[in-house]
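Record features, source TrEMBL:
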ACT_SITE  H445  active site, proton acceptor
BINDING   K50, G114, T143, G144, S145, D313, M319, L320, A321, H322  FAD binding site
BINDING   G180, G181, G182, V183, I184, G185, L186, E187, E203, G271  NAD(+) binding site
DISULFID  C41-C46  disulfide bond
DOMAIN    3-328  domain 'FAD/NAD(P)-binding'
DOMAIN    347-455  domain 'Pyridine nucleotide-disulphide oxidoreductase dimerisation'
Amino acid sequence: MQYDVIVIGSGPGGYVAAIRAAQLGLKTACIEKYSTFGGTCLNVGCIPSKALLDSSEHYHNAAHTFKTHGINLDNLSVDFGQMIKRKNEVVAQTTGGISFLFKKNRITSYQGHGSFVDKNTIKIKKTDGSEETITGKNVIIATGSKPSALPFIKIDKKRIITSTEALTLPEVPKHLILIGGGVIGLELGSVYARLGAKVSVIEFMDGIIPTMDKALGKELQKVLTKLGMEFYLGHKVTGATVKGKEVTVTFDNPKGEKQELKGDYCLVAVGRVAYTDGLGLENIGLTVEERGRKITVDEHLETSVKGVYAIGDVIRGAMLAHKAEDEGTLVAEQIAGQKPHINYNLIPGVVYTWPEVASVGYTEEQLKESGTKYKIGSFPFKASGRARASMDTDGFVKVLADTETDEILGVHMIGPRAADMIAEAVTAMEYRASAEDVSRMSHAHPTYTEAMREACLAATENRAIHI
Ligand SMILES: Cc1cc2nc3c(=O)[nH]c(=O)nc-3n(C[C@H](O)[C@H](O)[C@H](O)COP(=O)(O)OP(=O)(O)OC[C@H]3O[C@@H](n4cnc5c(N)ncnc54)[C@H](O)[C@@H]3O)c2cc1C
Ligand SMILES: NC(=O)c1ccc[n+]([C@@H]2O[C@H](COP(=O)([O-])OP(=O)(O)OC[C@H]3O[C@@H](n4cnc5c(N)ncnc54)[C@H](O)[C@@H]3O)[C@@H](O)[C@H]2O)c1
């Protein structure tokens, strides 16, 4: 069978690329090795983690804030089996939705492992052992990523686990030890902390979520400490072993002294690496980068082999679903002859703890390093009427604007619904708004978004109204 476009992998990068290519009239196929579409994000990433985050947050509120709202509950308990079942149902509905979209857009899907025979020919090895070969004028590699491992720790997937197992545990851990205080560790750690587990985070750097604006990590650590999580920052993990139901994690403190923690589960969340196993890259003369095993692409996301593109987690840049989606759209449109563009500086990053953390543009640390002259406008949620009404007063919005032009250069927020609110900052920055532009736009009252306006007012002439 001959196609205009063959997409290998059906995660947010692959399925969006396939749909956009089909919308543009290109004859399109998508190959997926798993039995369901949607990749990491829909099956074992974004969607299931958010389902558990929502369920655990409901429980946490019922246990800790309902009383203050005047709601009394007797005999509150967690039915963890039901929580996992609901999460599985959400995943099934979402992945099923992609099958529907593929049919609607007349995309031919193949279930099996795809590999290059040559740059236009892909062999599909199916689960029953049979093989089929298809050809395409263009091939898009969207094979995603897998969890990174530490060479000195054996992940047994029962007691020493990755995020995939953490989404389907048979019970709420008594003591969950997290290696890595990044996005996965803090999201899944907060799920289990809310459900009553003791959660200890061992992080190599001197702050959590270390790649985001430092102010965010500091505030998030304060909030998660209130939730009961404990942090070992600047500590270096040296090993983890399992004996029966007990995991022992050993690590060195900043002075180099040996320490250990014992728990019933240990989640290793130290990043992810590109996944290209068995893809046959060698058959088309492609190699992967030494660090992160990523495929090299040019600014058009084309590899050094003409007509072979790569998108999403398998190439450089943030490992985020929406970044993969944008790249899928870009490549499909390019193949169809259009000239699309992605502004990589304006891809937002979100951590779905509660309060949520969201960020776009330059961090204060980056502006300092580049010598850019900037001003800061900040507004705390404790001064927001909307936040007081919902008892969500932790956090703030921080706006960084150019000292001379007032153009917004970065927005960093931690607070209620920050994940949704960051869209206003992205829109404003995409249109190169100044802090004053945003401060002059009407924001409905009472909403959390007023904090963004107030932070912009603070950045403009230090004239926030409500503080
Ligand atoms: C726990 C967790 C939570 C996350 N939460 C978020 C979030 O809230 N927001 C966010 O933006 N990002 C989140 N991410 C990251 C997000 O999941 C990834 O950035 C995104 O899935 C990358 O998309 P992709 O299309 O590049 O690859 P993937 O989603 O990894 O998809 C790749 C697909 O390719 C298939 N494949 C691989 N090789 C072959 C082959 N040779 N033949 C056929 N098929 C193949 C794989 O089976 C897989 O289905 C999360 C990740 C994890 C692990
Ligand atoms: N909400 C979201 O958008 C979301 C959610 C989950 C995952 N993701 C994506 O998945 C990817 C992987 O997530 P992640 O949390 O595994 O990676 P991450 O890069 O976010 O965090 C890994 C953390 O582990 C630390 N670390 C590394 N080696 C260590 C060691 N030996 N000992 C102790 N700490 C160590 C790092 O300093 C870092 O803080 C991320 O790139 C992220 O973009 C996104």
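Glycine is treated like the rest: Cβ placed from N, Cα and C.
T143 (FAD binding site) falls outside any helix or strand according to DSSP and counts as coil.
Across the residues of the domain 'FAD/NAD(P)-binding' (3-328), the predicted structure has a mean pLDDT of 97.
Residues in the domain 'Pyridine nucleotide-disulphide oxidoreductase dimerisation' (347-455) partition by DSSP class (helix H, G, I; strand E, B; coil) as 40 helix, 33 strand, 36 coil. Among the recorded positions listed (C41, K50, T143, M319, A321), M319 has its Cα nearest to the Cα of E203 (NAD(+) binding site). E203 (NAD(+) binding site) falls within a strand segment according to DSSP.
Each of the recorded positions C41, S145, I184, E203, M319 was scored by the other Cβ atoms within 10 Å of its Cβ; the lowest score goes to M319. Nearest neighbour of T143 (FAD binding site) by Cα distance, taken over the recorded positions C41, C46, G180: C41. For C46 (disulfide bond), none of the recorded positions have C-alpha atoms inside a 10 Å radius of its own C-alpha, out of S145, G180, G182, L186, H445.
Across the structure, S145 (FAD binding site) and L186 (NAD(+) binding site) are spaced 20 Å apart at their Cα atoms. In this structure, the recorded positions that sit close to ligand 1, with a C-beta under 6 angstroms from any of its atoms, are C46, I184, A321, chosen from C46, I184, L186, A321, H445. Less than 6 Å separates the Cβ from ligand 2 in the case of G182, M319, drawn from the binding-site residues T143, S145, G182, L186, M319 in sequence order.
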